[in-house]
Amino acid sequence: MKTVVFAYHDMGCLGIEALLAAGYEISAIFTHTDNPGEKAFYGSVARLAAERGIPVYAPDNVNHPLWVERIAQLSPDVIFSFYYRHLIYDEILQLAPAGAFNLHGSLLPKYRGRAPLNWVLVNGETETGVTLHRMVKRADAGAIVAQLRIAIAPDDIAITLHHKLCHAARQLLEQTLPAIKHGNILEIAQRENEATCFGRRTPDDSFLEWHKPASVLHNMVRAVADPWPGAFSYVGNQKFTVWSSRVHPHASKAQPGSVISVAPLLIACGDGALEIVTGQAGDGITMQGSQLAQTLGLVQGSRLNSQPACTARRRTRVLILGVNGFIGNHLTERLLREDHYEVYGLDIGSDAISRFLNHPHFHFVEGDISIHSEWIEYHVKKCDVVLPLVAIATPIEYTRNPLRVFELDFEENLRIIRYCVKYRKRIIFPSTSEVYGMCSDKYFDEDHSNLIVGPVNKPRWIYSVSKQLLDRVIWAYGEKEGLQFTLFRPFNWMGPRLDNLNAARIGSSRAITQLILNLVEGSPIKLIDGGKQKRCFTDIRDGIEALYRIIENAGNRCDGEIINIGNPENEASIEELGEMLLASFEKHPLRHHFPPFAGFRVVESSSYYGKGYQDVEHRKPSIRNAHRCLDWEPKIDMQETIDETLDFFLRTVDLTDKPS
């Protein structure tokens, strides 16, 4: 049986050996080049392949059409993946008639994603295992073919658990590979309601937060002990690594992070105390705890900190252009809720952010981005993170003012992007679900879906292509000049302060605000082309939480990523949105102040939006990148969002002239 193998690490080596022992013919092996910044304690797949006389490759992008074609020419019967670090696209998986199978180091559906070995230790699990599962488009989600459980002992650390997993993997493959070869396997679908997903870990994720319980910190030490980079802390600005530890149920009133004693080296935690058994100061040598205390100059009562003292006091500076807009003002509120952000904002108005103007960590200037270029360049240079949220994003303007849309949405934003490149600043750029255009995929996927728009004589697409071209420019700057970026694509976010009723009066608003205006004024709700177009509506609170996590960027997992932020469960047509809104309106305590409902009216899109408009029938996001990078999923039901949005706008209406 011919196979193509994707493999890396010790698991890759043992997987290859198991395939050969089971009589598989390996046509080619795809692996990775070693990362010079990573301690290579594991076997080399490339070396093993060379010794076995098997062609081996390490392309940067195995999913490139050229590599897909080369793999197709190998005509594999089956494909195997053993700890290959990149997602293998469906175009490759479909090449093998018998399917594709992946070896994963956890008891799926638990601990999907990256670094399950480390995560189970971080989380204090007592059991894990290995799973062989069928590969599908979604990572680690295919049916389970075989699974083997192993116990995690209290004294297990990352390397001992790694050895246990390797031993279990050998057993599992020896038992299962012959069955796959003969087409005699039983597959069990994963239970999605039990699934958990974790992202990649970096060395910076392993800092010791002393306010946490000692048991939690001890688990962190176990999870990243040598040969992993190690858990760490600071004495002032001096970094040190903790290689091994013990939990002490020490009842102390000392502040977390305080040194209780130096021999043994005991540190007060949020609950109990942690004994540092062995550690290392800076890039020095490993030593036992009391010697480490002496080297670091620690005495009883000394304080440790989770980050260097010189950086602990500095807040992250976030520049929000368009801070008074729907996303900008809600994001400002979320950032100021924390104590480690300083927000700088620019906009042409301040009505939505007036509640922040006296906040000590909020700095606002009223101005236009097309005029205040010097202020913007200075603040891009000054700040750490830049969010250029200024854009014309209302559909009627795409046909009414296409050149103004291009000038503001593309030209002005391109200038800001170039400032970020010039000063090497991180940019979080608001792409849009509009870039997918008339894509026919069931779920719009950031990495696979085609971006399809209409002909040039349909100016409705100028917003979509302006945003798409900026996405491509940012991506190119990231590839060629090292720009640190994340692109996020909101899918129909809605909530309080989405546009305003005055904007709706001239047609320059999003759907729900326009519908609320119709109810307030007693005018018919207009259903464009029947209102059958479906959208996935996302509560602003869910959207902002995802955006906040992008800004936090735990483990740098968001760098270079495109992330859809939407709620695929909240799919409804515009007609259904109108009906839900009407039902909420009729039950509202202020209902008697407003005119009778004037009904629904079907109108043609050309009469409403003007010549050159095209609509999209459906727009449903894949949110796998949001799961993977942010550990995020939307939680708020569409009805709750409708109720709160309606209530907000009704309470902004001057009721003095309304009937009672």
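For all residues, glycine too, the Cβ spot is worked out from N, Cα and C.
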Looking at Swiss-Prot, which one out of ASP339, ASP347, ASP441 binds NAD(+) in the same site as ASP368, ILE369? ASP347
If I restrict to non-local contacts, at least six residues apart, and a C-beta distance under 8 angstroms, what lies near ALA393 (UDP-alpha-D-glucuronate binding site) in its own chain? ASP409, THR432, TYR463, ARG510
Given the binding-site residues HIS86, VAL136, ASP368, tell me which ones have a C-alpha lying within 10 Å of the C-alpha of SER433 (UDP-alpha-D-glucuronate binding site). none
What Cα-Cα separation, expressed in whole Å, is found between ILE88 ((6R)-10-formyltetrahydrofolate binding site) and HIS104 (active site, proton donor)? 14
Local Cβ density at ASP140 ((6R)-10-formyltetrahydrofolate binding site) - other Cβ atoms counted within 10 Å: 22
Checking the binding-site residues VAL136, ILE369 for other Cβ atoms within 10 Å of each Cβ, the smallest tally belongs to VAL136
Within a 10 Å radius of its Cβ, which of these recorded positions (HIS86, HIS104, LYS526, ARG535, ARG619) has the fewest neighbouring Cβ atoms? HIS86
Could you check which of these binding-site residues, VAL136, ARG138, ASP140, LYS526, ASP529, ARG535, sit within 10 Å of HIS104 (active site, proton donor), going Cα to Cα? ASP140
Which one of these binding-site residues has the most other Cβ atoms within 10 Å of its own Cβ: ASP368, ASP529? ASP529
